[in-house]
Amino acid sequence: MSDQKAITSEQEMKAYRVQGFTCANCAGKFEKNVKQLSGVEDAKVNFGASKIAVYGNATIEELEKAGAFENLKVTPEKSARQASQEVKEDTKEDKVPFYKKHSTLLYASLLIAFGYLSSYVNGEENIVTTLLFLASMFIGGLSLFKVGLQNLLRFEFDMKTLMTVAVIGGAIIGEWAEVAIVVILFAISEALERFSMDRARQSIRSLMDIAPKEALVKRNGQEIMIHVDDIAVGDIMIVKPGQKIAMDGVVVSGYSAVNQAAITGESVPVEKTVDNEVFAGTLNEEGLLEVEITKLVEDTTISKIIHLVEEAQGERAPSQAFVDKFAKYYTPIIMIIAALVAIVPPLFFDGSWETWIYQGLAVLVVGCPCALVISTPISIVSAIGNAAKKGVLVKGGVYLEEMGALKAIAFDKTGTLTKGVPAVTDYNVLNKQINEKELLSIITALEYRSQHPLASAIMKKAEEENITYSDVQVEDFSSITGKGIKGIVNGTTYYIGSPKLFKELLTNDFDKDLEQNVTTLQNQGKTAMIIGTEKEILAVIAVADEVRESSKEILQKLHQLGIKKTIMLTGDNKGTANAIGGQVGVSDIEAELMPQDKLDFIKQLRSEYGNVAMVGDGVNDAPALAASTVGIAMGGAGTDTALETADVALMGDDLRKLPFTVKLSRKTLNIIKANITFAIAIKFIALLLVIPGWLTLWIAILSDMGATLLVALNGLRLMRVKE
């Protein structure tokens, strides 16, 4: 551990919300300023979520002073009650018309219009015309000049430094009209950039409003409405039909269907009854439920999702790291190129000083890296927000990019490709004189007394067939270790067990057709159980871990999306593994694996394919998940472990969201690459116009503003990617 990390870990971390970020560069500068405060050991800005984590001691006044260059407002992280109020205030702020938020921009634009009118009436050199352009420039660019001049004095070069030098230079050579236009268009570009990021952030902030802020709670024999901040673990919450559930808990009374789309993305309501878990933010559609609270409001699943999503926005993707590194050298290089353009032609080629200084100033403007800087954050924030709303938690931009580059995906079998719950797949009565339902009631009555893990499958089958077994009298019930069970019903001794048990019981030879039938069932990955007496075999029941209905379709979609290899990893025997693997359509099957074998196999896949994902439950597969490029856990809504350990968590307990996540990730990767390429290309093309002397301040600022706007809109498209 480094000294810096050691210091950071010892300090108390305080989180703050920040209002007023216009760009990622401003966020980086704010972070640098905060780190320089005397009581601060470290600080980390999360531009995507508009937050800063401060390690050490700093007052609000000190933090706001560090952000004075951008007039940043800093507030401490809120409690649930305060956060709900903050969301309301943010919503009100969002509803304020664009022109009211940027009134100075409007006034500056009006002054420019009057300036051009005066230029037409009185001439360009008229003092009134000059004063109108000058006033427009100062009103529209005051904040720009303050920051730009401070940067110049400190020899810090960013986009505002470039613009300030360009504006001052333009004013010196008398290009008042063009300079005023540059200032206004730059201000508009910044406003649009901020608006775009706010739109992307709003998709996350809206998650905070999913769960109600108050709940009806039983206390001292009364039902009272209480704010969620004041609800304690163990309280009984009453949820009426049509109401949203305010807190996580367990049903203690009632039956209903609950729509969990807000958490898991599943559109089909899930039945809930006693002992079933419910989540804050989900909708109770039918019956009245009484729920015992199991988590405080800050620990609910939705709260953890919001927290993890905001943390994810702060994780820098590889493309963001590239942009940051590139921008560090890019701005000084642009300053040097602009200086060379302004000086070299007049000094060595008899060029006009005025013409080439103008060209140099245009290079400064066109070199402004606005579009480049926003290209990645706008895409990452939009994609993560979209995924969260559809029940997929992505822990950071790095995992979005790695998901987009996946070549192979490994799946655990049990509970992932299969339901993880045994079910009766075959029930064949061999003696046609016996009533099937009566025999099933006897079988169920015997299995009810058994501790065998497959007994639950038979009991579930009886419930589905509406067969009662509670009135069946079983005498002398006993377990035959390793072979089966037996019991007496109506004077007849019945046995349920393996083929081996009946080969020992029956005096006559084991029927060849029956043996073939059992072998076929076993080859299909099923466990065959025989029911009979000491004299004859009555029926065969096959039980298996059922394949999820969606597994085959999902694997087909993944192959269509370009995933080259899908592998099933399981500890089951080869027969069962091959049967299930064949049903779902995986490319490869690896059976009889120990946890260490799964880990080794993932490492082998990574060496062969590079980017490999592992899909499991987030608990038993933890080593393999950790070893993969991207660990994907299912059923994140029901387990804190999955939320914490996985890189990507599918909140619903099925794989339907996996193809969407791969699709979204690939689109994100493509859009980020397109944005970066376009942002750099447009600058390069504009710079080429310097050679024939065609580059003007108009063209420079319009290319910069246009590139920023197009990059932002392209990134926002990720909010609309559908399943």
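Even glycines carry a Cβ here, placed using N, Cα and C.
Other Cβ atoms within 10 Å of the Cβ of D412 (active site, 4-aspartylphosphate intermediate) number 24 in total over all chains. Feature annotation from Swiss-Prot assigns active site, 4-aspartylphosphate intermediate to D412; the stated evidence is a curator's inference.
Taken from Swiss-Prot, the feature Cd(2+) binding site applies to C23, C26, supported by sequence analysis. When other Cβ atoms within 10 Å of the Cβ of C26 (Cd(2+) binding site) are tallied across all protein chains shown, the result is 25. According to DSSP, C26 (Cd(2+) binding site) is assigned to a helical segment.
Here Swiss-Prot flags 12-75 as domain 'HMA', drawing on sequence analysis. When pLDDT is averaged over the domain 'HMA' (12-75), the result is 82.
The transmembrane segment annotation in Swiss-Prot covers 103-123 (among others) and rests on sequence analysis.
Per Swiss-Prot, transmembrane segment is recorded for 127-147 (among others), and the stated evidence type is sequence analysis. Taking Cβ pairs closer than 8 Å, the transmembrane segment (127-147) reaches residues 69-71, 104-105, 107-109, 111-112, 114-115, 118-119, 160, 163-164, 167, 171, 176-177, 179-180, 183-184, 186-187 in its own chain, all 6 or more past its ends.
Tertiary proximity for the transmembrane segment (168-188) is limited to same-chain residues at least six positions away from its ends with a CB under 8 Å from its CB atoms, namely 102, 105, 108-109, 111-112, 115-116, 119, 124, 129-130, 133-134, 136-137, 140-141, 144, 354, 357-358, 360-361, 364-365, 368, 696-698, 700-702, 704-705. Per Swiss-Prot, transmembrane segment is recorded for 168-188 (among others).
What Swiss-Prot lists as transmembrane segment is 329-349 (among others), and the listing cites sequence analysis.
For 361-381 (among others), the entry in Swiss-Prot reads transmembrane segment.
Panel annotation: around the transmembrane segment (671-690), residues 317, 319, 322-323, 337, 341, 359, 362-363, 366-367, 369, 371-372, 375-376, 379-380, 401, 699-700, 703, 706-707, 710-711, 714-715, 717-718 of the same chain, lying at least six beyond its termini, place a Cβ under 8 Å from a Cβ of the stretch. The transmembrane segment annotation in Swiss-Prot covers 671-690 (among others).
Listed as Cβ neighbours of the transmembrane segment (694-716) (distance under 8 Å, sequence separation of 6 or more from its ends, same chain) are residues 166, 170, 175, 178-179, 181-182, 185-186, 188-189, 192-193, 196-197, 199-200, 358-359, 361-363, 365-366, 368, 370-371, 374-375, 378-379, 382, 671, 674-675, 678-679, 682-683, 685-687. Marked as transmembrane segment by Swiss-Prot on the basis of sequence analysis: 694-716 (among others).
In this structure, the CA atom of C26 (Cd(2+) binding site) is 45 Å away from the CA atom of D412 (active site, 4-aspartylphosphate intermediate). Sequence-distant contacts of the transmembrane segment (329-349) (same chain, at least 6 residues past either end, Cβ-Cβ under 8 Å): 157-159, 161-162, 165, 356-357, 359-361, 363-364, 367, 369, 372, 687, 690.
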